[in-house]
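Listed in TrEMBL for this protein:
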REGION    491-511  region 'Disordered'
TRANSMEM  21-40  transmembrane segment
TRANSMEM  52-74  transmembrane segment
TRANSMEM  81-99  transmembrane segment
TRANSMEM  105-126  transmembrane segment
TRANSMEM  138-159  transmembrane segment
TRANSMEM  214-235  transmembrane segment
TRANSMEM  299-319  transmembrane segment
TRANSMEM  341-359  transmembrane segment
TRANSMEM  371-390  transmembrane segment
TRANSMEM  396-418  transmembrane segment
TRANSMEM  430-452  transmembrane segment
TRANSMEM  458-481  transmembrane segment
Amino acid sequence: MWWDERVSARFRRNLQPTLTYWSVFFSFGLCIAFLGPTLLDLRCQTQSSLSQITWVFFSQQFCLLLGSCLGGVFKRTLAQSLLALFASSLAISLVFAIIPLCHNVVVLAVVMAVAGLAMGCIDTISNMQLVKIYQKDSAIFLQALHFFVGFGALLSPLIADPFLSDTNCILANGTANASSNLPHIRKSLLPHHPGNLSHYDLPMKGMVVTRVSYAFWIMALINLPVPIAVFFLLYKERMVPCFNGSSHPLLSADELALETRPGDKDELSTAAQRPHTAAAGHEDLFSCCQSKNFRGVSFTYFAVHITGALVLFMTDGIVGEYSGFVYSYAVEEPLAVVHKVAGYLPSLFWGFITLGRLISIPVSYRMKPATMVFINVVGVLITFLLLLIFSSSVVFLFVGTASLGLFLSSTFPSMLAYTEDILQYKGCATTVLVTGAGIGEMVLQLLVGSIIHDRGSYSFLVCGMIFGCLAFTFYALLVFFHRMYPKPCPELDEASPEKAAVPEDTGQYQR
């Protein structure tokens with residue numbers, strides 16, 4: 001194997017929880033990308049106007065952010081974390097099953113708000129638990145975790161595509177005229193911000209003929225094994241009510257070997273007796289903001305949290321605004337790309353994000369997270385600069401889209417691993433970074449949408465260039481504060497209870 005035996009043994013000891021967290025993040029990806037291509041059919045299903053259906057986007061994004069902030073509340077213990085993940089992944093399957101039954105836009109917005117809360121909890125808890133399990137070895141496993149987001153985000157539009165309406169999905173007078181504009185309307189209904197298409201009027205009364213319900217039911221079935229996998233992990237850890245037997249979980253060969261070594265056994269026993277100490281560094285956002293957590297810390301403690309969150313505020317914001325508006329930019333002058341061809345750009349972007357995350361899994365084992373983040377932010381900056389220089393080239397727009405997807409793909413997991421490493425896994429980095437990324441994705445999409453509406457499509461690239469410059473600036477500040485951050489004394493670090501609570505070499509799955 002391309003990693004060393006220590007990491008391999010650690011992965012084998014934590015195989016089931018790791019695979020479970022990866023599968024739960026697949027649910028996250030499956031739920032994040034289906035709204036864009038299905039929005040027109042959902043608008044027909046709810047017989048709502050374009051301005052009304054945009055609230056569905058807002059409800060999902062706002063509750064995703066809220067769920068990210070609240071997710072840390074459920075990870076005080078392993079039982080709470082797994083129960084929250086089980087409820088969240090099951091809620092996503094139920095949401096997919098219920099969406100075809102929502103014939104009112106308000107009901108649809110409420111259902112998507114529930115999905116957003118579930119996605120936010122999954123985002124925070126899965127990242128936190130993997131960091132807690134693998135500590136300094138977490139970078140490679142975080143890269144794999146975020147690969148499954150991209151895989152799910154790619155799969156859901158592919159499932160939906162065969163069931164999307166080719167003609168107007170509401171039969172009424174004037175349907176023929178409305179259906180001629182349908183391809184442009186569908187492609188312009190962006191994944192996160194539909195844009196200004198109010199001049200395209202669809203009939204709001206008539207017989208609904210959409211078949212998109214089948215797509216949602218298929219996605220509900222595909223997602224159903226995920227909560228089942230979480231349930232099995234709960235059962236293995238003896239945390240299912242009415243199934244808590246007195247026998248201990250079976251030990252793997254590696255764990256049995258550890259049990260036969262007295263030193264390791266004592267270390268693991270100490271760790272098992274202090275579950276709350278191990279989790280002390282990963283509180284929810286509100287617990288992080290309590291004044292007792294700030295006593296005796298230097299200003300660089302706050303600076304590392306803030307600059308790390310600002311980097312992800314910009315980079316995740318770029319992901320949202322680029323995937324949302326690249327089609328609108330391509331079909332406008334001076335490029336004037338054919339609508340069908342331009343429709344491949346968002347798919348190309350997400351495809352290379354997924355490919356980049358797959359490539360980053362082995363790369364992250366050989367390269368430090370700080371180096372990967374540096375390459376990412378510089379690559380984003382150079383790509384936007386070249387896109388501005390060759391703004392009249394359709395070919396380079398496709399090349400630049402693929403390049404941007406590759407550079408943005410591993411930014412979040414690399415930044416998370418880097419920041420947690422700076423803070424020795426005792427700060428609130430995971431919660432703060434997840435929250436900052438969620439705010440950036442929501443805010444920058446709205447900002448860029450309004451700027452494009454007022455200043456034209458060329459401002460799309462200008463905004464991306466500005467965000468890339470800010471991301472690089474904040475990363476430089478993070479490196480500066482990293483050098484200033486006080487390093488722990490080795491003697492004290494070895495004697496500290498946190499060191500005993502999370503043994504780095506054993507990799508034991510903590511309760």
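Residue numbering: from 1, along the chain as shown.
Glycine is treated like the rest: Cβ placed from N, Cα and C.
What TrEMBL says about a protein is an automatic prediction, not a curated fact.
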Among 21-40, 52-74, 138-159, 214-235, stretch most in contact with the transmembrane segment (105-126) (C-beta, under 8 angstroms): 52-74
So which of 81-99, 138-159, 299-319, 371-390, 458-481 has the most C-beta pairs under 8 Å when paired with the transmembrane segment (214-235)? 81-99
Quick one: find which recorded stretch in 21-40, 52-74, 299-319, 371-390 has the most Cβ pairs under 8 Å with the transmembrane segment (458-481). 299-319
Using Cβ atoms and a strict cutoff of less than 8 Å, what residues sit near the transmembrane segment (81-99) while being 6 or more residues removed from its termini? 20-21, 24, 27, 30-31, 42, 71, 74-75, 108, 111-112, 114-115, 117-119, 121-122, 125-126, 128-129, 213, 216-217, 219-220, 223-224, 226-227, 230-231, 233-234, 237, 239
Same-chain residues at least 6 beyond the ends of the transmembrane segment (371-390) with CB under 8 Å of its CB atoms are 311, 315, 318, 360, 363-364, 396-397, 400, 403-404, 406-408, 410-411, 414-415, 418, 461-462, 464-465, 468-469, 471-472, 475
Beyond a gap of at least 6 residues from its ends, the CB atoms lying under 8 Å from the transmembrane segment (21-40) belong to 53, 56-57, 60, 85, 88-89, 92, 95-96, 112, 115, 118-119, 122-123, 126, 129-130, 144-146, 148-157, 159-161, 164-165, 169, 182, 185-186, 189-192, 194, 212, 215-216, 219, 222-223, 225-226, 229-230, 346, 350
